[in-house]
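Asker: So TrEMBL has the following annotated:
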ACT_SITE  101  active site
ACT_SITE  303  active site
DOMAIN    85-421  domain 'Peptidase A1'
REGION    483-508  region 'Disordered'
REGION    555-589  region 'Disordered'
SIGNAL    1-31  signal peptide
TRANSMEM  515-539  transmembrane segment
């Protein structure tokens, strides 16, 4: 992938103060939908440049999830609304908090030091999972143990016991692993591949957790349903529920929603076609850059691991240019919009002819610490990112929390034997009611906050004080291509290459009753601060410029392994151990 620039991209000093908001982890909440509550934000020590500013509420530094950890910019730029949904699972007799991810398949845990592993069966299959540019990941041994989640029991489940992990942003917030909710197809599951390679193609316990649950409980429909609940002020996501094989009663109408077939067929992630975007009822022109995609459509990934949303730049620009009173600026070659905080613009995404509006509040992110002309001001900035070539030839847009908290979403692995996977959505946001709520909600949120300046006035002041900020209408925009040294692991744990579907039975499961599992939520909310000369930037700039192509791990064909070999081994220096290396494709291929 080449980076096309029409002018040199400006570089500026970025400073962000971190606000870490912890939501209560609720152990053993199974069998019912549970609403989550917030607890007070906990103050802590800051690190890096954020601590040096002395401005704003500076709390504990949390790295971007899955960053390379080189320390060059991580202290200055972090995710806004960095939310991870997790639940408790039990392996043997030990319970672990694992993140739920629709973008990956396998289960891995990194237990605390000293945990007894007596009930785990060591397969003696070493495995190293590396992501992004290969600078971080997890490695350890594939284990086998009884698995339990709520009332579901798998008698024998394969998982990776990570003895070392360099993926940042998990253990720091109390998450001990990842459980994938994507497809159990060939290369999508490195664990299953490795187990079958050693124990035979008919081995079943190497399959994913969901595959084993569905196969072992014939009365359970093979779908999962996710509800992302909002906070009381509607500005954020407070929690939600994760259901296996059943629907929440209040959203049962989703059963009649259109079935959004997986595209491309046989893919290993939850991707489908979006056939329209409208702003206040006015349709935008949409077209796909992916080979073979139908005209007038965009290939979209639904990703619970993405707290925001990313769209092709033309669509992003088309949305924000239609918001009344909006202005834009560029900094570091990336375009950001300043919106009136009380904007009532409604954006609708269309799937299979059905329109799904997002709340006007979701179009912007509020900052109460924009320092300009010697005073703090409140401002609202664009929350939807724009980037081209996001997922190579797999998908070109990611709809994460910004979209998914406006719908009840169902991910169905297919009706009956050989059935095609599909997704279903039920709108939870009423566009008319949402627009009417904005003024009351935003006015309440802004009570006691610094005053808001009109966007045009704020932009003029920013440009007067910072030469790296330019009017968005007057400066060419750099093509945003994420460099290979920065990645987001939770969103990139799925393989990149399209596999073929495997076969085989799965491990029996004992199921007592339907289960709706409450999600445990950790929210990392990123704020703003400023330096002496109002050095300013929006957190989304860092997210866009550093966003990776979603390149996950895959097996490297071994030149010495004979025809049909899908992995290569290498010796770990000084240890004598051999690891099945999961390499990452070049971002420039």
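Here the Cβ of each residue, glycine as well, is placed from N, Cα and C on the backbone.
I would like each feature placed in context: is it buried or exposed, what are its neighbours, and how far apart are things?
Answerer: Residue environment of residue 101 (active site) contains 26 other Cβ atoms, counted within 10 Å of its Cβ in all protein chains.
Under the three-state DSSP scheme, residue 303 (active site) falls in the coil class.
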Asker: Can you tell me how far the Cα of residue 303 (active site) sits from the Cα of residue 101 (active site), in Å?
Answerer: 7
Asker: Count the Cβ atoms, other than its own, that fall within 10 Å of the Cβ of residue 303 (active site), considering every protein chain shown.
Answerer: 28
